[in-house]
Amino acid sequence: MSSDGSNDGEHRTSYTTAGAGYTRDARYITTRITRDGEDGYPVEPGRYRLVAARACPWANRTLIVRRLLGLEDALSVGLPGPTHDDRSWTFDLDPDGVDPVLGIHFLRDAYLRRDPGYPLGITVPAIVEVSSGAVVTNDFAQITLDFSTEWTDYHREGAPDLLPAAHRDEMDQVMRRIYTEVNNGVYRCGFAGSQESYDEAYDRLWTALDWLEERLTSQRYLVGDTITEADVRLFTTLARFDPVYHGHFKCNRQKLTELPALWAYARDLFQTPGFGDTIDFEQIKQHYYVVHHDVNPTGIVPKGPNLAGWLTPHHREQLGGRPFGDGTPPGPVRDGERVTAGHSPLA
Ligand SMILES: N[C@@H](CCC(=O)N[C@@H](CS)C(=O)NCC(=O)O)C(=O)O
């Protein structure tokens, strides 16, 4: 069971069909990398490699938080390509299709190193121990929390506090609702197996988006007046909304661009260093439209939507807020970690 304690929602390959709806298989490798190493894996610079496909919203969170906190030197990153087959994500973007640090083509190999009979989905994000080549954890919700709380010795100077103690209870409530209703809510629409389950999923998603639209009309960020982990979690779904979820997953009451507060909020974050510079819209589209054969049997990837709007002024400063609190924005994206030119209005 994941650290979210939830098995609600849907998952592409690790899902189980329950009647016409879907239930996400929320069993993960929940070993933690901690300061005291109580699970056998202490925080140690250079010891681990984060594997995170840019296409995946859950993996995208880890790329954002790693960059906001400045963990690039302590934790290297491997970036599988946008698509995968029934076996595994692959490092098809790397020279010869092999991750230069792990020396593998299939991410599956790192899972099988951990457990030769690994029975579940080969998912990203995953953190792999470089020396053993074995996956340590793929517990996506815990990974970013641990970046904030266990890797503090390696945070950059000026790293923001993404889990401010004063707001933690409220954050947990907000993140919980965002997870079940929005992050998973779009999948629940897209993978619905009957009209009835789709209708229900659609209503449930839009109830939550209406709540967020209202909440973000009067406040710049989800909780408090700085960016937090809650914003990271909502942002990765919003970035995929018009390119993918609106059409491919039939979440089409409105586009993100038709929701004034949410669209301005998403642009504000997109234009904040550490958020938009992790987004590869081309990889995102490739992933969903190619991998989900049953939803899109032709595999045709749409050319649109036009993305120029992401860089237009958002005017959210008028709501106040201090994005990085007492901290500072991260510096430029590292060489070798930039989004491919032409794949985003920022790239
Ligand atoms: N958050 C996900 C875990 C991460 C995840 O689902 N990643 C997807 C990509 S967006 C994945 O790796 N799918 C490959 C597979 O399941 O085989 C979950 O709740 O199950």
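Even glycines carry a Cβ here, placed using N, Cα and C.
With a 10 A radius on its CB, TRP89 (glutathione binding site) counts 28 other CB atoms from all the protein chains. Among the features that TrEMBL reports, glutathione binding site is placed at TRP89.
TrEMBL lists 164-288 with the feature domain 'GST C-terminal'.
Per TrEMBL, site 'Lowers pKa of active site Cys' is recorded for TYR245 (among others). Sequence-distant neighbours of TYR245 (site 'Lowers pKa of active site Cys') (same chain, 6+ apart, CB under 8 A from its CB) are VAL186, CYS189, GLY190, THR237, CYS251. In the three-state DSSP reading, TYR245 (site 'Lowers pKa of active site Cys') counts as helix.
Long-range C-beta contacts of TYR288 (site 'Lowers pKa of active site Cys'), restricted to its own chain and to partners at least six residues apart, with a cutoff below 8 Å, comprise ALA55, ARG240, VAL244, HIS248, ASN296. According to TrEMBL, the feature site 'Lowers pKa of active site Cys' maps to TYR288 (among others).
The region 'Disordered' annotation in TrEMBL covers 311-347. Broken down by DSSP into helix, strand and coil, the region 'Disordered' (311-347) contains 5 helix, 0 strand, 32 coil.
Each residue of the domain 'GST C-terminal' (164-288) gets a DSSP state, and the totals for helix, strand and coil are 90 helix, 0 strand, 35 coil.
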